[in-house]
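For reference, the structure discussed in these notes is given below.
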Amino acid sequence: MPADNHTFFDPVTYILTGIPGMEESQVWLSIPFCLMYIVALFGNSLLLFIILTERSLHEPMYLFLSMLAAADLLLSTTTVPKMLAVFWFRAGDISFASCLTQMFFIHVIFIAESAILLAMAFDRYVAICDPLRYTIMLTKSVIGKMGLAAVTRSFCIIFPVIFLVKRLKFCRTNLLPHTYCEHMGIARLACDDITVNIWYGLAVAILAIGLDAVLIAVSYGLILRAVFQLPSKAARLKALRTCGSHLCVILMFYTPAFFSFFAHRFGHNIPGYIHILLANLYVLIPPMLNPIVYGVRTKEILKRVINLVSVFMQIT
């Protein structure tokens, strides 16, 4: 229950209220959200299965893609089941420890996914700008270390956030106007000064996510310069096609994330339900669309998907 405004308390349980101002529409919203989650689960699981079982796909680009699919699965599964429980059953109760755990994993996975996209941009840069050294530079050992570095970096960046939240004193309410637990959503319920939380969140956004985005942009600037120096039009088109799907995925990941981030901090006139809808979309849309984009635009994956469908049709 909400606490008295003048009494500090240690929150034992939070209550996720869903999307403020859209309580009557949440059941209808849950339908597209549930369908997107099912597509994300099926698409990313299929992508992982194809890459892991086809030895010919055990190449750097596809290994990075399998990391991205795993991150998408974890990101959507960490958020959407609880979101649907709130929409369908008003089951918004979540313990403080569980809320912190969910917050931690959401932010860790999100930052790790940004690092994976940066690694994929580096992979395309080496493949196009320095193809003779591609197999030497991107061995399976190096790829494994890059994946481990992405997870380690994310863990080290987000681990202090747990203590930044636990140090706060709460006296207002335990009603959390959101569909899942995230750092600033919890911090804004506190009666303490949350300046440190705000600045740390801003630093993470700029120095981690923002820096990744800048490095990706630099990589693709160098890639495009190299592509347009190729002698034949066919070679240029082939190189652009190999990067097209990755560029689509990058835009789908960073556009809603940055829009949500800046709207949350500077868009004070934007209604609260817009903030929450954006936060829901950036944990749903990229995981749903990534396997579709790669499945349609990557011939090797599309071919194996068609083969799997053919085998399934023959069995049935």
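For all residues, glycine too, the Cβ spot is worked out from N, Cα and C.
All TrEMBL annotations are machine predictions without curation.
If you look up TrEMBL, you'll see 27-50, 62-84, 104-122, 142-165, 198-223, 244-266, 272-294 marked as transmembrane segment. Residues or ranges marked as domain 'G-protein coupled receptors family 1 profile' in TrEMBL: 43-294.
Of the candidate ranges 104-122, 142-165, 244-266, 244-266 contributes the most Cβ pairs within a distance under 8 Å of the transmembrane segment (272-294). Of the ranges 27-50, 104-122, 244-266, the one with the most Cβ pairs under 8 Å to the transmembrane segment (198-223) is 104-122. Between the transmembrane segment (104-122) and the listed ranges 62-84, 142-165, 244-266, the one holding the most Cβ pairs under 8 Å is 142-165.
Counting same-chain residues at least six beyond the ends of the transmembrane segment (62-84), those with a Cβ under 8 angstroms from any Cβ of the stretch are 16, 30, 33-34, 37, 40-41, 44-45, 47-48, 51-52, 94, 102, 105-106, 109-110, 112-113, 116-117, 119-120, 123, 140, 143, 147, 150, 179-180, 249, 280, 283-284, 286-288, 290-291, 294, 300-301.
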